[in-house]
Amino acid sequence: MAEKDNIIELRGVTKNFEDTCALDNIDLEIRNGEFLTLLGPSGCGKTTILRLISGFEKPDAGVITLKGQRMDDAPPEARQVNTVFQNYALFPHMSVRENVGFGLRMQRRPKDEIARRVHDALRMVHLEAHADRRPRQLSGGQQQRVAIARAVVNNPLVLLLDEPFSALDYKLRKQMQLEIKHLQRQLGITFVFVTHDQEEAFAMSDRVVVMNDGKIEQIGSPQEIYEEPANLYVARFVGEINILNAVIAANHGDGLYDAVIEGVTFPIRSQRTFAPGDKVNVLLRPEDLRVYTLTEDRPAGPHLTGRIEESVYKGATVDLIVTLSDGRRLMAAEFFNEDDVDINYNPGETVTVSWVDGWEVVLPDGEA
């Protein structure tokens, strides 16, 4: 995405709830027209950010701006921001059509405009046929989709979504991810999405904000977050990761080092600066590893030796658990090819493990 003006900025924002620090001196810039996801475990502060942006909470310190204007004390109704929360908050006495059009009626929009926009919103969430039903006649997933339609129909500058797909089944959740992303591109407005689901965040987002304990750990594109984690917390949170302890043996310059892993010297690459003797962690995703049996031709170069502990068929991939000589376990993922007999491994079989040069991520030892 090209660089754009910021529509929302949080500068030095802190929020406490009694003795708990929900947000600790947060700085965050949200770009106009982007799909930004706040990703993290329960209690990390991601929903608190949504509530501060929407005006349902006030910061204890710091500044929040919308289009350059301070919004610290502005009530929710004065902000061009709509929110979809986990609880649906639908009016039980109104039909689906009336629920979706409620905000437009409060704005005294023309009836034909209301009818058109409500119809378009319901079509987006595949509920046109349910327009005259009451919320109690809908499933939980359908009620959540009504809430999304009600928020989108007002064409806000910013739409905030707090885990809106939590009530949906797997298939519908996948479908709604595509629909919401498509809708966001159509409308061109900023979406701020909250989830604890890494796959969901990566599928929908232009940028992802990884949070932990009231702080931001990393901001970047899904690819940056996955392939270039800033620290061990991010690396562990966004997927399976293998962590190998290593010691720098030599610095050859231009980011090329020799590192000793399990008594074997490997070439590694990093933009960070290390000195011989430094302890580091070498991070490798399961799909980065290459596993070879002793009867296979393998590329020349250093390798680790271990035994197959488990082989798990997952359809598109086969996950291998390899136990090294020191007892450390590695997970490798190989794409399944039914014509490739070499992908069939036996428990206890001796194998060698290596990886493509430069695919590793290197972090200082002890970096959280």
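Using the three backbone atoms N, Cα and C, a Cβ is placed for every residue, glycine included.
What Swiss-Prot records for this protein:
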BINDING   G40, P41, S42, G43, C44, G45, K46, T47  ATP binding site
DOMAIN    8-238  domain 'ABC transporter'
Query raised in the report: So how many other Cβ atoms are close to P41 (ATP binding site), meaning within 10 Å of its Cβ?
Result: 11
Report summary line: By the 10 Å Cβ-neighbour count, the most surrounded of the binding-site residues G40, G43, C44, K46 is K46
Report task. Indicate the candidate from S42, T47 with the smallest number of other Cβ atoms within 10 Å of its Cβ, considering only these binding-site residues. Result -> S42
Query - Those residues of the chain, 6+ apart, with a Cβ under 8 Å from that of G45 (ATP binding site) - result: K15, A22, L23, I26, M211, D213, G214, K215
Report summary line: Rounded mean pLDDT within the domain 'ABC transporter' (8-238) lands at 92
